[in-house]
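Note sheet for the following structure.
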Amino acid sequence: MIFDSIGGIFRMILLATMAYVAVVLIIRISGKRTLSTLNAFDMIVTVALGSTLASAILSQSTPLVEALAAFATLVALQWIVAWASVRSSGFAQLVRSEPALLVRNGEILHDALRRQRVTENELMTVIRQSSARAPENTAAVILETDGSFSVVSEDGTEDGTAYARAGLDRGRQG
């Protein structure tokens, strides 16, 4: 069967439109930070928001108001965690991981790879996708707090500022 009834299709279109408008308003009120994925916690909230929106649209057993209440609760919790993280470094350390240095001055830091559960093949893929092309052409490869990788090319322009701001020094492994 392609669909149960034309009424079900109209219900879904109406719910999708109403949910979309409500979600846009909630996100506009809460700010740009709500949908950022700067760390694992942000990603979890973003996935949960998408799941909640899908439930509101597709599930006949989830009333729209309840789904929007859940959505607003997730946004509020994310806002509270971000607010507390900005004001308390201890709280920020509790909910966020630190960046990890995986390559330093062209040398692969195998202990750091093991601790971060990154294989050398995965690292090489990241390096190949960058302009560096090989570990020896990199000043650093950093596994960021959001799970992405930063590749700093060995071009002599890095003065250590990026390392310091990331909480790393060029001599410390991730």
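Cβ coordinates are placed from backbone N, Cα and C, and glycine is handled just like the others.
For 6-27, 39-58, 64-86, the entry in TrEMBL reads transmembrane segment. What TrEMBL records for 12-82 is domain 'YetF-like N-terminal transmembrane'. The domain 'YetF C-terminal' feature in TrEMBL is assigned to 88-157.
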Could you pull the average pLDDT for the domain 'YetF C-terminal' (88-157)?
90
What parts of the chain pack near the transmembrane segment (6-27), using Cβ distances under 8 Å and only residues at least 6 beyond its ends?
34-35, 49, 53, 56-58, 60, 64, 67-68, 71-72, 75
Residues in the domain 'YetF C-terminal' (88-157) grouped by DSSP into helix, strand and remaining coil:
27 helix, 18 strand, 25 coil
